[in-house]
C-alpha cells in the first residue's frame, strides 16, 4: 500500500515509519505487563440474535476454565473481600491447573499474579457506552491471560462464522453501495450483480463512511492475525504455527478480491489512526497523579505508568491525526440523532460478538470491539476529559480497568 488515506490528511508511509520506529516496540512491552495482560471476559453469554447453533468443537477453540475452588478470592467478581488485602491474604492462593488442550483459552493465574487483582477498582459513571459491557460480577466471567492465548487461526470457519460477519455488515453497518465483499465463500456463485467491483459513497455522510471503515478495518485486523499465525501443520501432536501467504493472498490480493483487498487494508490504517487519536486525547486522564495502574507491585506499577505516558508523548508528536471535530458537526438536533444512531449500531455489533462460536475468537473479538468502543467514547468526551479535576476522581469521565486493557490491546493488535 502507498499513498494518502481517504477522509484524512495522512499517508501510508508516514504511519508505517511512525509505528515501526516509535509506537510498536513500546506498545509490545506495555502489553506484557501484568496490568494489561489479564482481561476479564464472559464467554458464556448467549447469542441474543439467533438460536445458538453450537460451539466450535475444534480443540484450538476450547476453553479450560479454572475450578471455582482454585480461583483466588481477590479475583472473584462480586466478592465482598475483593478489595481487602487482609481478607485475601488469609486465604491460601493456589495456581489453576494448566489447560491441557492445544490452543485452549488458558485462564490460569500464577501466585505472582494474585496481587494484580486486589484493589483494582475502576468505576464508570458515564452512560455514553459504545459497547455492551460484560457484567464483571457474573459467575461466568473469568480472567484470561492474553499472553497465553494469542489471537490466531483456530480452524473456526464456515456458516457459523460467516453468519456473524454477515449480520455485522448487512444489518448493523452503514455501507457504500455495490461494494464487492465475498462474505460467504460457500455461496454457489460469485457472479451477477452481487460481485461488481464498483465502489460508491453516494448518499453516505462522513460519519457513516467512518463507521463502515472502522468495521472493515477491524475485520481486516482479525483476518491479518489469522493469516500471520496460522496452523500450518500438526504432526505427532506437535503443531507448527506461522504465516500463511496463500491465505493472505486469498483475502487481500486485488486479483482475488476484485480490487477490494487493498481497500480493506487501507481501512485497517484508518482504524489505527482513530485509535491513535483516542490515545492522544485521553492522555490528560492518565497524566493525573490520582490515576494509578495498580497491581499491588509498586515498582512495576510505576514502570507501567511511565511507559504508558511515554507512548502518549509519542502519539501527540504525530502531526497527521484524524480530525474527529468534523464529525457530528451539523445542526445540533441532527448531529445528536446521528451520534445516537452511530452509538447504537456499534453497541449492537458488540452484542453480536456473543454469537461467535469459537471461544478464542470470541475473546479477541470482544476485546477488540470493546477497545474500539472505548476509543469512540474518548473521542466524543473531549470536553469532559479537559475539565477533569487533578486530585480527585471525576464523575464526568471515567474508564474502567477493562476499558483501559481493551483499548491498549486493541491498539496493539
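Every residue gets a Cβ built from N, Cα and C, even glycine.
As the structure is a computational prediction, the values presented were derived from the model and not from experiment.
According to TrEMBL, the feature disulfide bond maps to 56-61, 96-131, 358-361. Per TrEMBL, the feature FAD binding site maps to 152, 154, 165, 216, 219, 251. Per TrEMBL, active site, nucleophile is recorded for 358. Annotation comment: TrEMBL describes 361 as active site.
Distance between Cα atoms for residue 154 (FAD binding site) and residue 358 (active site, nucleophile): 8 Å, as a whole number.
Recorded residues residue 251 (FAD binding site) and residue 361 (disulfide bond) have their alpha carbons 18 Å apart, per Cα-Cα distance.
All protein chains considered, the CB of residue 358 (active site, nucleophile) has 25 other CB atoms within 10 Å. For residue 216 (FAD binding site), other Cβ atoms within 10 Å of its Cβ number 25. Using Cα positions, the member of the binding-site residues 152, 165, 216, 219 nearest to residue 361 (disulfide bond) is identified as 152. Ranked by Cα separation from the residue listed as 'active site, nucleophile', the binding-site residues 152, 165, 216, 219 are led by 152. Counting every protein chain shown, the number of other Cβ atoms lying within 10 Å of the Cβ of residue 361 (disulfide bond) is 24. In this entry, 152, 154, 165, 216, 219, 251 make up the residues listed for FAD, with the farthest two CA atoms of the set 21 Å from each other.
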